[in-house]
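According to TrEMBL, the protein carries these features:
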type	residues	note
REPEAT	28-62	repeat 'PPR'
REPEAT	111-145	repeat 'PPR'
REPEAT	146-180	repeat 'PPR'
REPEAT	182-216	repeat 'PPR'
Amino acid sequence: MKVLGEEGLANQALAAFYRMKQFHCKPDVYAYNTIIYALCRVGNFRKARFLLEQMELPGFRCPPDTFTYTILIGSYCKYSLQTGCRKAVRRRLWEANHLFRIMLFKGFVPDVVTYNCLIDGCCKTYRIERALELFDDMNKRGCIPNRVTYNSFIRYYSAVNEIDKAVDMLGKMKEMNHGIPTTSSYTPIIHALCETGRILEARDFLIELVDGGSVPREYTYKVVCDSLRSAGEANMLGDELRGRIENGIENRYKQVMKVKPIMTHRISL
């Protein structure tokens, strides 16, 4: 079932699920979670919810667990953004939040993955108030945020040009020791700073990213270089730093080429 689900063959996975009883193999919560995830991957939320409702029946031998709800919540948030229809997006995000409330009502304790799915979905649909409510709730429940949590807020604030708030979130992540910022944390801030003309600040964050042991994306490095060149500050990075960045990008490119030799297109610096 897992392999069929990963290949997008949800109907075949569902058939295998129903054939388990023929071989005197009773489905457990892992089997239910596997088939629910397979159905969600192809957007068959109606059947997935039917199986969840079956598990929720009083006295059912295989009740759902936290992961069951997290699968559906995460799928509602992820696949709703791929529909392109605002009404469908709102509906599925409402379903995700509704399932979250049911989950709490039934006594299940959401984990950081559950919160991250909801927060990311809210940030990507510009429901920042709800995202902040969830962020406060997870802290009150003792669920420690991680880098994924903060990156969702950083991407949102950078996209709406509230860069100072994005920087505050980055600082809070480091201050609270809730994760080590990586390229994904710095890239939205650097791009937003370049777009708003705050080029020297973008350079400082690029230096901070490199000093932290990460390698910037090739396009991000190119954007900063072009912005500095346009401002007449082409030498502000320094030859030593340029060498470190370009060597890091080159080494990463070679590693990727070993795995994906078809990736031959490169951005000229």
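The backbone N, Cα and C atoms fix where each Cβ goes, and this holds for glycine too.
Remember, TrEMBL labels are computer predictions, not curated facts.
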Non-local residues, at least 6 beyond the ends, that sit with Cβ under 8 Å of the repeat 'PPR' (28-62): 1-2, 4-6, 8, 10, 13-14, 17, 20, 68-69, 71-72, 75-76, 79, 92, 95, 106
Model confidence over the repeat 'PPR' (28-62) (mean pLDDT, whole number): 89
